[in-house]
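Asker: Straight out of Swiss-Prot:
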| type | residues | note |
| --- | --- | --- |
| BINDING | G95, S96, V97, A98, V99, G100, K101, S102 | ATP binding site |
Amino acid sequence: MTSKNSIQKALYLAFERLQWSELRDSVPLTLSEQDLENLRGINEKISLSEVTDIYLPLSRLLNLIVKAKQQRGLVVDEFLGQKPSRSPYIISIAGSVAVGKSTTARILQALLRHWPEHPKVDLVTTDGFLYPLADLKRKGLLQRKGFPESYDMKMLVEFISAVKSGQPHVKAPIYSHVTYDRVKNQHQTVSQPDILILEGLNVLQTGLDSPVDTRRPFVSDFVDFSIYVDAEEPLLKQWYKERFLQFRSGAFSDKKSYFHHYSSLTDDEANTIAANIWDTINGPNLQLNIQPTRERAHLILQKGQDHLMSHVLMRK
């Protein structure tokens, strides 16, 4: 049987942290400590050195790739004798709950905006494409929230297709982590960005993963470059529990919060409930639907203790 390590060696170039950091090639750091503070997620200790060592080389790589795609587009337009077309470069960021996808996406957005070739960088999370809470309850999917079947994939694919085709104004639904639901009558408008970053649990899924229809398009069909943020499951579970405990005095403390009843839990009670949520929902979703898509990514960011990147794997 082929091992995971042998597959990764065949598909990827592997870099230790120091090796990867040397590929920065004098790209300037454009973020301050205050900028970084605004970009951090709950329970993440990311530092400017993490940005310098990991994200600056990655932003340089993406800049080179996007420029090459733009040049190729100009060649095709010239060959066809047509005016230059405007098709955004789409980057997807996948990974488990609590791995830090959102922080990775926000940092990349901030860095990529500083390159003159692509100053307009939009970020959309797939959370907004979860079915509304009432629909999830009606379909009996509340305990499957985050699983592929809990998303309105038709709406998501239509959105990403419209953005990719260059439509001038495309609306994406907005999700509230307070109400645990899609926000009614509010949208994020995406207007022909140079780059769109799409962040979510299952953005690497393909037709091969679908139990329903393997022929219909999937989000991954529209993505130009994909990133998977990885960590060992015991770490992910630990980070999820720590984040859950912090939410008690944060999001859960809001009386409008769907989870307000958790705000008064003791540490032991909160740990028990968080562990149960992981074991029954987030863990199985990771094992069944998210982790199996990892080797489809163009780049894998591997995290160790304290959310620090330890290795980077780049597709050959």
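Along the chain as shown, residues are numbered 1 onward.
Just so it is clear, glycine is given a Cβ too, placed from its N, Cα and C backbone atoms.
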Asker: Would you find the one among the binding-site residues S96, S102 whose Cβ has the most company, meaning other Cβ atoms within 10 Å?
Answerer: S96
Asker: Tell me, if you would, which residue among G95, G100 (binding-site residues) has the fewest other CB atoms within 10 Å in the structure shown?
Answerer: G100
Asker: Starting from the ATP site formed by G95, S96, V97, A98, V99, G100, K101, S102, give every other residue of that chain whose CB sits within 8 Å of the mean position of their CB atoms, in sequence order.
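Answerer: Result: V229, L236.
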Asker: What three-state class does DSSP give S102 (ATP binding site)?
Answerer: helix
